[in-house]
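In what follows, a single structure is set out as structure tokens and then discussed.
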Amino acid sequence: MAETVRVVCRCRPLNDREKALNSKVCVDMEGQTGRVSLIADDSPNKDFTFDGAYFIDSTGEQIYNEIVYPLVESVIEGYNGTVFAYGQTGAGKTFSMQGLADVAPQKGIIPRAFEHIFVATATTPSTKFLVHCSYLEIYNEEVRDLLGDVREQKLDIKEHSDRGVYVAGLSMHVCHNVKDCQQLMNKGFSNRHVGATLMNKDSSRSHSIFTVYVEALNEEGSIRMGKLHLVDLAGSERQSKTGATGDRFKEATKINLSLSALGNVISALVDGKSRHIPYRDSKLTRLLQDSLGGNTKTLMIACISPSDNNFDETLSTLRYANRAKNIKNKPKINEDPKDALLREYQLEIERLKSMLTGGAAAPGQKGGFDVEAERRNLRAEFEEAMNELRVAYQSEQLSKQKVEEDLQELKRQYEAASAEIDAMSKAGLDPQEAKKRLELIQQQLVGGEQANNEDLKKGRMKKLKDAESKTQRLAAALNVHKDDPLLHVYSTTQEKLDAVSSQYQKEQRKVKALESEIEDLQGEFELDRLDYLETIRKQDQQIKLFAQMLDKIHPLIKKDCNYHNLEKIKKEAMWNPDEGKWALPEMSISKTTFPNAGNGAVRSEPVSRAVTDYHDEDESKLRKRLAKSEEENIANSYFKTFNKSSVVNKYKGDVQRKIDSRSYFPKRFNNVPQALVSGVIYTDDLFGRSGSAGKRPARLEAIK
């Protein structure tokens with residue numbers, strides 16, 4: 001049965017910044033009818049009607065009990081549910097979802113949902129539940145696990161015929177109580193990207209999705225699984241108001257693009273004429289695909305500011321929410337889902353119980369473990385995953401490099417699972433070990449702990465009935481319409497004229513309101529256009545900066561590197577729509593080797609290797625050169641101190657090495673002084689010998 005997306009509006013109080021600007025309150029709400037009015041000084045009021053309206057004095061407890069409570073009850077029954085907060089930056093989205101832990105009435109939707117789920121599981125008899133959670137963020141169009149070991153690791157979004165759209169590699173954490181869930185939420189929230197802007201000092205720079213999986217197993221053995229997505233969207237921003245620059249500007253651009261894609265999806269769903277719904281335009285819409293027009297009960301909380309300084313942003317949020325309430329979903333209970341973790345637990349429990357009771361093992365089984373069946377199931381899963389990769393590659397959704405990486409990972413997982421099956425087939429569990437394993441698995445399950453607590457049961461039913469009666473009262477208030485005045489029977493003509501005139505004036509006011517709406521839409525479009533132009537202008541400046549840097553750096557790249565030829569790189573590059581970036585070829589260097597000097601043959605052998613391997617060549621030669629340089633130590637040798645005796649001994653050796661001038665010099669050099677022949681120059685030989693032949697050389701006189 002189809003049902004529309006439920007939409008409520010929440011208005012926060014004026015903050016310090018708005019008070020400093022002397023802002024006036026431009027929002028009025030009527031909680032009984034869900035009416036929200038935006039008050040303008042120079043134009044008629046803009047009225048909107050939602051499934052709930054919560055003004056400045058509202059609390060998180062009130063919103064949860066009246067609107068969110070029935071949705072979480074549906075998740076316990078096996079439906080999918082989504083609650084997401086939307087609004088401009090600083091409008092109170094994170095406050096609505098997280099709240100204040102130390103102020104009971106202002107606890108947020110997420111912690112209240114934890115308490116609700118475990119009260120519901122504890123008071124449900126004859127049913128066991130498995131509760132596990134995941135927490136992710138979408139930052140700059142990249143999906144990251146907020147509870148993973150590696151925070152910066154990027155995850156891929158994939159689609160399966162049974163599981164639907166899911167995030168591959170996202171960590172799951174089993175929870176036994178509210179405290180476990182709270183610890184996971186706090187851990188993930190501390191890992192989330194936040195930053196300061198002029199509008200909000202703790203602005204969320206990413207979209208976050210906390211998902212609670214509730215799997216239920218009844219006495220008959222049937223399984224149902226509900227999923228609760230708790231979504232905190234990053235706020236829409238106008239760069240002129242936030243003053244975002246650098247990383248903040250890049251983040252704001254990605255946030256606005258994803259929210260714009262979400263708006264396009266909503267418009268396409270509401271229009272009814274669109275054959276194509278652009279879910280793939282962003283990671284956010286891809287993950288919320290089931291929540292918008294699919295198998296999910298969805299609630300949207302539109303958060304607004306009361307300040308007239310944010311009039312345009314508030315009006316845009318209200319229009320956005322007004323479109324969303326016309327989306328129709330088709331929720332249904334998820335019975336016996338193939339991807340339920342509880343199914344694996346159930347099979348393992350049955351196998352262990354069979355081992356403990358001494359049940360006979362069939363051929364091909366060991367201790368209740370069917371080896372051949374496990375191998376067949378593993379092979380079927382592997383082939384199915386291979387087919388998905390093949391289809392994705394053929395539809396050009398994945399690059400060749402990405403397919404090879406996924407294929408290697410798939411093979412690794414298959415081999416690991418196959419080895420585990422072989423190990424289990426060879427070594428059975430002894431009864432004591434099997435009993436411990438059975439107890440460990442059963443401890444993961446919760447449910448029925450407070451099955452006899454009538455007070456908890458009555459409190460749970462009372463909250464559910466109160467929420468339903470609130471919805472009925474709102475529907476009754478909205479359905480109160482006066483009859484057509486033209487169909488009434490009047491006693492006098494004047495009475496009829498007054499009634500018709502009143503109706504005419506009412507219709508005139510509607511016409512004026514619609515004309516004003518057209519002008520507002522044109523003005524909003526103009527503001528968006530100017531904002532987009534400013535964004536384009538800044539991005540163009542960044543592109544030119546990178547292009548100029550590339551022009552400066554490119555001539556420095558050697559010709560033996562493949563990135564020297566940019567035109568070839570452009571042809572080989574492929575756009576990956578899932579990751580939103582280009583898949584570039586690996587950088588490599590082509591090295592030419594030359595023959596040895598003694599080899600007469602001339603040959604040139606091109607060798608292509610990765611850059612990382614290029615610097616590892618001839619390691620032994622480099623080590624030898626390093627050792628030789630340490631031995632020579634030129635600096636120490638050059639500046640080393642010397643003494644007189646070492647120099648005298650050196651030149652005494654030179655004197656002893658005289659050669660015969662007649663055998664060494666031609667005859668025309670017979671007149672050369674003997675001193676030159678001996679290699680020792682005497683001053684007397686050059687300027688007339690006046691002293692003894694044993695006079696010391698001039699070079700030795702200098703060091704006396």
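Any Cβ shown, glycine's included, is placed from N, Cα and C.
Here is what TrEMBL records for this protein:
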- 4-327: domain 'Kinesin motor' (DOMAIN)
- Gly87, Gln88, Thr89, Gly90, Ala91, Gly92, Lys93, Thr94: ATP binding site (BINDING)
- 375-427: coiled coil (COILED)
- 497-531: coiled coil (COILED)
- 595-615: region 'Disordered' (REGION)
In the structure shown, which of the binding-site residues Gly87, Gly90, Gly92 has the fewest other Cβ atoms within 10 Å?
Gly92
Return the count of C-beta atoms lying within 10 angstroms of the C-beta of Ala91 (ATP binding site), excluding that atom itself.
26
Segment-level pLDDT (mean, integer) for the coiled coil (497-531):
80
Please give me the CB contact count at 10 A for Thr94 (ATP binding site), counting all chains in the structure.
24
Measure from the Cβ of Lys93 (ATP binding site) and count the other Cβ atoms within 10 Å, all protein chains considered.
25
